[in-house]
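Enquirer: Below are the structure tokens for one structure; questions will follow.
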Amino acid sequence: MELNSVILTTGASVGFFKLVNYGIGKLPVPETAKRNTWKWKNISTSFVHSLITGVWSVLCFFIHPKMAEDLIETHSVFSHALVSVSIGYFIYDFFDMVLNQKMGQSWELLFHHVVVITCFGISVLSCRYVGFAVVALLVEINSIFLHLRQVLRMASLAKSTFYRVNSMINLGTYVVFRINTLAWMTRWLVLNREHIPLISYTIGSVGLAIMTLMNIVLFYRLMRSDFMKSSREKEVKKEKM
């Protein structure tokens, strides 16, 4: 894809997710979510992004399997477009949070978005490391269940069977598609050090280190909220009986 195509695809993506957010705002909102309608729309839009890019990233390797053998130079227009579309979403979401949420509540995600936009931007503009970026987008498979979890909590369905099933799937996909993927990416970066320019290697290493730390913290929070808390509640109930 040429520069004009990248700009057009990224810009169209920004507009698309803006329309998705607007459309979600026109749908019925659960009573318990009306306390923070902006958050409901933001998470629902993130869910749509995860659903699209998660499936898209898998299809990229299915349609063009040779990309898995060379994550630096080999890629297809299909995979290049995916990374451009994802950049558009993160740009949209960045400004959505800046305009509608306090900095103290969103600085972690804003920093995350800056890192992703920078790394993905280098990839699409240089037409290198596109395969590596697509591997990174495999984490969106987990994000589908992560965002669904947030939606269910806002709808006061945290005690439902569906929520419990989603929590278990969320934790399983978190380990497989988020922690393991980040670990594999870090290993790949180290093993291919001689093929990567110092600037790209440094940005990639710092970015992965930050992502890994953030995901370990989030994993602990998920465990504590969905599993440790329920175990403590069961123990308290037994003591009262």
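Keep in mind that glycine also has a Cβ here, set from the backbone N, Cα and C atoms.
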Enquirer: When TrEMBL marks a stretch as transmembrane segment, which of 77-95, 134-152 is it?
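Expert: In TrEMBL, residues 77-95 carry the label transmembrane segment.
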Enquirer: So are the transmembrane segment (77-95) and the transmembrane segment (6-25) touching or not, going by 3+ C-beta pairs under 8 A with a sequence gap of 6 or more?
Expert: yes
Enquirer: Mean pLDDT for the domain 'TLC' (35-231), as a whole number?
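Expert: Summing pLDDT over the domain 'TLC' (35-231) and dividing by its length gives 90.
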Enquirer: Same chain, outside the transmembrane segment (6-25) by at least 6, Cβ under 8 Å from its Cβ: which residues?
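Expert: Tertiary neighbours of the transmembrane segment (6-25) are 37, 40-42, 44-45, 48-49, 80-81, 84-89, 91-93, 96, 124-125.
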